[in-house]
Amino acid sequence: MASIRRTLSPSNHDRTHVNGVVGASPLSNPPPPSQKHSSGDLRRLLAGAFFLHRHPRRIPPWKQSLLRFLLFFLLGFFLGVSPFVSLGREGFDADLPRATEDLGRTILTVRKHAAIGGGTVSMVPRKLVIVVTPTYNRAHQAFYLNRVAATLKLVRPPLLWIVVEAEAVSAETAEMLRGTGVMYRHLVCKKNMTNVKDRGVHQRNVALEHIEQHRLDGIIYFADDDNIYSVKLFERIREIRRFGTWPVAMLAESKNKAILEGPICNGSQIIGWHTNEKSKRVRRFHVDMSGFAFNSTILWDPKRWHRPTSNPIRQLDTIKEGFQETTFIEQIVADESQMEGIPPGCSKIMNWHLHLNTRKLPYPKGWQLQKNLDVVIPIK
């Protein structure tokens, strides 16, 4: 029986593997064109990302790295922007009071004093006290300055001690000031003191000019080095608003009695003056140089105090002895209504003015005597 064998053409034989994919059978249904292109692109992408090691000859290594980078970048980007967690505003809302709500439920008060350790501490800053002390070379200068420095060291800060020397700075005074523990400024009055009646006038003017130039804000007090001061005096001085005065006890020239000079007060109001004036030339204000203090802004801010003139306030060397204080005060205030007496009632003596002169003793160099003094004290 004859047999019929159908010969297949070479095109119908199984195709060889191309790029690792087996050729399709001619009996299978061909896919649509769109599906064919999309599936081919996906295969190429996956093959390029994961199976490129099968044909290293066709795709360069840098393209493999680039494709992997792009694939993982896109994967991370889509994962990052996906809303896996709800970030609603509710999680960040804070219960803030509205403008229309009552804010008086919690009242915060600012007090001038705070309780610390069972006591009260004032929170108001203290006023600066500016102490002006003229000095000159003499035998007891070291004793006087150290006595004043010991008092000032006990005063609560802030305090500035302005020491003014005549003609030149002495090494002894400078060394003493450095060891006092008090904030100070050491100035010099370079005026020739040969024919000057009162050297303290020019020394105080140097301090006033320094305060005015640097606009120091505080209470100015003229404290001569030969006086005795109470610590309470400087605390009272801080309370002065414009001009304050108080009674001063002093020894008479004869050294055999004490006299009183200063205001008579009804509370803080000045109603009269203690005076020992026997001459016919009556002073306007009976105040000692160490018996008053005033606000430093009067020197450099005349508009604040409604001063009629802007002329500098200075002490005058041409004034007769005994009238230096009242002439200076008349430049600061018009009358007693612009003054305040301290303490209330002017009932306490807070400093003494002692007329102690040592003119017969020479000024020892370095404040040290080479030999003991010949002093004979009779036994009574």
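A Cβ is built for glycine as well, from the same backbone N, Cα and C atoms used for every other residue.
Note that the structure is a prediction, hence the values are computed from the model and not measured.
Around Glu325 (active site, proton donor/acceptor), a 10 Å sphere centred on its CB holds 22 further CB atoms from the protein chains shown. As annotated by TrEMBL, active site, proton donor/acceptor applies to Glu325.
Other C-beta atoms found within 10 angstroms of the C-beta of Asp226 (Mn(2+) binding site) number 21, with every protein chain shown included. The Mn(2+) binding site feature in TrEMBL is assigned to Asp226.
Taken from TrEMBL, the feature compositional bias 'Polar residues' covers 1-11.
Here TrEMBL flags 1-40 as region 'Disordered'.
The local packing around Glu261 (site 'Interaction with galactose moiety of substrate glycoprotein'), expressed as other Cβ atoms within 10 Å of its Cβ over all shown chains, amounts to 19. DSSP classifies Glu261 (site 'Interaction with galactose moiety of substrate glycoprotein') as strand under the three-state reduction. Among the features that TrEMBL reports, site 'Interaction with galactose moiety of substrate glycoprotein' is placed at Glu261.
The annotation transmembrane segment is assigned in TrEMBL to 66-85.
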